[in-house]
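S.K.: Can you keep this structure in mind? I'll have questions shortly.
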Amino acid sequence: MRGRHRSSYLGLLLLVSQLYQLGLENIPPITLAMLGLNAYLFLFPAAPLMKACVSVHQAYWSGEWRRLLLSPFHHADDMHLYFNMVSFVMKGIRLERRLGSVWFAYVLAVFSLLTGALYLALEAGLTQLTEDQSYSSACAVGFSGVIFALKVLSNHYHPGGVTYVMGFPVSNRYASWVELVLIHITAPGTSLIGHLAGILVGLLYTTGPLKKMMKMGAGELENFFLRYFDIPVKVPVGFGNSSKCNHDFDFSFSRSLEMLYAKEERLMCRTARCIYDGTSTYTGGMTEEEQLAAAIRNSLRETGWHRGRGWLQIITFATMTIFLIKSN
């Protein structure tokens, strides 16, 4: 979350380059869809940035609550989008494989709304405590609050690991807090409160009541579909069926979708070499980026993608480049 800066397309080109190197086929569907949504709204915003950002004055006092929906998916400039999306893809790949696509989409939807709501609550509280109206007028946009919440989840599911922050090893347990402080020091234009709201939302999910409340909400969704559409919905009740690559939830709307998710689980398990065992991960001392690179190499060897060398990636990169050049 941050304020407005002048936009260019360098960050978007860098993002396309990163996707080219990573390979679109290595990104799970919900992560890829969310990435596409953020990129699309950067190119074709749903509202001008000053009408998409969220603040206490605009959302609460003026009643513009739609800003809670708009603000996470709009970015101040191209580099803001680039850094947020690269970080999101790294975390999204791991978490979507862990949680399953449907539950991960549910998590993203809840986190996007709740992070903005908690941001407003914190800014309103600071306004009351300090009697400084600048907290209520601070208007923020960006996906980084949600990314901080996802960072808490990722660290929760991989305890005991190490994250490198500016080249220094930091325990996963404290990595989010260290990054919160360092980002605020090195990039003063970012929203400290927005990032803090994301961390608190992540903690509400991992150690608080949020996960239980979301399960209850899924149960209500099941009742709704049964009552009005006579469609059976299998709500999350525990761990997935795979003994090697357990997911936290198995959530499907029909038998056909259940089979689709089972196939997706097998494909993702093969891509990641089944490094997840339910509650712990053996990483061999590798960092998150090194684990991701190893998983991609394994996937390329197993699928034979290196033989074609990624025509889809080349076409995507060329199309985006031509589009951006014409836009200028």
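Note that Cβ sites are derived from N, Cα and C of the backbone, with glycine treated the same way.
Pulled these features from TrEMBL for this protein:
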DOMAIN    63-207  domain 'Peptidase S54 rhomboid'
TRANSMEM  39-60  transmembrane segment
TRANSMEM  103-122  transmembrane segment
TRANSMEM  174-206  transmembrane segment
S.K.: Could you tell me the mean pLDDT the prediction assigns to the domain 'Peptidase S54 rhomboid' (63-207)?
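M.R.: That region's mean pLDDT is 92.
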S.K.: Using Cβ atoms and a strict cutoff of less than 8 Å, what residues sit near the transmembrane segment (103-122) while being 6 or more residues removed from its termini?
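M.R.: Those are 1, 28, 30-31, 34, 54-56, 59-60, 67-69, 71-73, 92, 95-96, 140, 145-146, 149-150, 153, 191, 193-194, 196-198, 200-202, 204-205, 210, 214, 218, 236, 247-249, 251, in sequence order.
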S.K.: Mind tallying the domain 'Peptidase S54 rhomboid' (63-207) by DSSP state, helix then strand then coil?
M.R.: 107 helix, 11 strand, 27 coil
